[in-house]
Structures are given as structure tokens and as C-alpha cells.
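Asks: Features from Swiss-Prot:
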BINDING   His37  heme b b562 binding site
BINDING   His51  heme b b566 binding site
TRANSMEM  1-7  transmembrane segment
TRANSMEM  31-52  transmembrane segment
TRANSMEM  67-79  transmembrane segment
Amino acid sequence: TAMFLAMHYTSDIATAFSSVAHICRDVNYGWLIRNMHANGASFFFICIYLHIGRGLYYGSYLYKETWNVGVILLLLTMM
């Protein structure tokens, strides 16, 4: 969905809001693509948080190197 949204989105501060409105109003099923993208991203981060919770529950934080790599990957994912 990100590729379809990127074809119509502009990141310029003056036109960003109007490009989102264009996606929702003028692109065929643009509202659906936008909602699927938002819900998919939310579900992705919920899965990441569940994975972190599982690691905390099973004590994986004791493996310092593995845990630090995971934290770095989480921060890179959020950028």
C-alpha cells in the first residue's frame, strides 16, 4: 500500500495536506488504500510490542548483545 500512496503523496509542507485529501477523494479507492496502510502499520507495531513483551517474559534481556540489536532494530523501524 505504501507504493500506491507514494505515487500520489507530496511531502512538501505546503502541499502535504492537500495531497492526502487528493488521495482520499480523487484516487480510485484511495480512502481504502490509506486506511489499509494505517491499519497494517498499527498491526505491525502491535506485533513488535508483543514480541518485545514475550522477550521480557522469558528473560531474553539477559542476553545483552541480542537485546541491544533488537532495541536498535526497533528504533530504526520507528524512524
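Each residue, glycine too, has its Cβ placed from N, Cα and C.
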Asks: Same-chain Cβ contacts of the transmembrane segment (1-7) under 8 Å, 6 or more residues past its ends?
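Replies: Result: 23, 33-34, 36-37, 40.
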Asks: Starting from the Cβ of His51 (heme b b566 binding site), draw a 10 Å sphere and report how many other Cβ atoms land inside it.
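Replies: There are 13 such Cβ atoms around His51 (heme b b566 binding site).
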Asks: Quickly jot the same-chain residues contacting the transmembrane segment (67-79) by Cβ under 8 Å, restricted to those at least six beyond its ends, or write none.
Replies: 48, 52, 55, 60-61
Asks: Going along the chain, which residues six or more apart from the residue listed as 'heme b b562 binding site' have their CB under 8 A from its CB?
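Replies: The list for the residue listed as 'heme b b562 binding site' reads Thr1, Ala2, Leu5, given in order along the sequence.
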